[in-house]
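Annotated features, as they stand in TrEMBL:
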- Gly105, Ser106, Asn107, Gly108, Lys109, Thr110, Thr111: ATP binding site (BINDING)
- 104-285: domain 'Mur ligase central' (DOMAIN)
- 308-430: domain 'Mur ligase C-terminal' (DOMAIN)
Amino acid sequence: MKLSQAAQILQGELKGMDAIFYGASTDTRLIQAGQLFFAWKGDKHDAHNFLDSIEAKGAIGAVVERYTPSVNISQIVVKDSQKALGILAKAWMADWQGTTVALTGSNGKTTLKEMIASILRGKGATLATEGNYNNHVGCPLTILKLTDQYEYAVLEMGANHFDEIRYLTHIACPDVAILNNAGPCHLEGFGSIKGVARAKGEIFEGLKAGGTAIINADDDYADYWQSLNTEHRVLTFGIRNNADVMAKNISGQSFDLVIHGQSIRVTLALVGIHNILNACAAAAATYALGASLDEIKTGLENLHCVKGRLEKIQLSDHHILLNDAYNGNPASLRAGIDALEGIADHTWLVLGDMRELGTQAVQMHEECGRYAKVRGFDQLLALGEMAAKSAEAFGEGGQVYADHDAIIDHINQTLATLKDESVAILVKGSNSMKMYLIAEAMVQKQKEV
């Protein structure tokens, strides 16, 4: 797209030479040659003050709220650069000729996204959301990466307040929209799980006419979400309740994937019953786009791990780490606890605070501590004020630590005494707690042995 075209779409004023740009960025550290930079004033920094650095890195131009004549790059002057990013992404998507899948949910979004992308890559070039680019900035930036070489886009949509997913789905206008589940996360913004269900349901508002809604039949809000899609085709998935796509005859991570009476045996590398449900969701979405059962099976079985999402790491012959440190809420924590049940002589939970749970934070942390105890965990190693509530509810074997290093030291010392006994360790917590540092230290320690 040319800068002049972008200026017209954004109703902005182009100052400087016209040129073609490829993709966009909002980070001066990550900007690449040929890209368009979007500058706005943040809480800590004003990106307008760093336009000279993007010039040095070969940026084609910048969308700005105030013109900086001292910088020798073309600038499109607009009233609101953040809004401009969304407007341009919507126009970009309208011009792109491929097929779009959008997904949301409280838990499992990233793993589900990777499952869908793995299946679709067997059919054609696929672009999927990278990392945590699932918000009002990251999703438009992902869309602006789309070129004619891609046949499919898989867009993860996250939110912690109402109207955020509505905003994103109207930009993406997906052919398939998936709602994986609603659980206790971001309750400070949504107020209740019912509020979460309503906010996640916004994804269907942008679904194209003739598009397909994918709904979890096992979720308490399945009927509500179906009521939002009277004008759309609906495919349901589930394990417990009757659905269009189901997992039956489950044994470990193997199951019969059944779609409208057709069946195929699938064995996942990913652990946990929740990932079997994720696989059903991915199967439903890609089946709606014409994938065969064989293509679905191949795509699901080719996915071996998603970093930081119940990532299974063999530390030694007898010691296993399940790194689920990317983020944390009670539902995903319970899924991780369930995944470890009975797989080792000793099971430990390393838990950091789970954030944004509002007035229910203490109660939910206590419930998770008791749940880990009931499921047979030996130890709960806590970091943070709320995780301490989990350790207290856990009882004997629950311990609170002052920092990451103290937990790492305890783990290393204890594992050294259990060299010939099987130990499985689940590391979990909100991303802001940086529990990944503990997981990384455990892996590094094993390399040194």
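Cβ from N, Cα, C; glycine included.
Where TrEMBL records a feature, it is marked here on the structure.
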{"residue": "Gly105", "record": "ATP binding site", "Cβ neighbours (10 Å)": "24"}
{"residue": "Ser106", "record": "ATP binding site", "Cβ neighbours (10 Å)": "25"}
{"residue": "Asn107", "record": "ATP binding site", "Cβ neighbours (10 Å)": "25"}
{"residue": "Gly108", "record": "ATP binding site", "Cβ neighbours (10 Å)": "25"}
{"residue": "Lys109", "record": "ATP binding site", "Cβ neighbours (10 Å)": "22"}
{"residue": "Thr110", "record": "ATP binding site", "Cβ neighbours (10 Å)": "23"}
{"residue": "Thr111", "record": "ATP binding site", "Cβ neighbours (10 Å)": "23"}
Query: Per DSSP, to which secondary structure element type does Lys109 (ATP binding site) belong, with helix, strand and coil as the options?
result: helix
- prompt: Taking the center of the Cβ atoms of Gly105, Ser106, Asn107, Gly108, Lys109, Thr110, Thr111 at the recorded ATP site, which other residues in this chain have a Cβ no more than 8 Å from that point?
  reply: Leu112, Asn180, Asn181, Asn278, Ser332
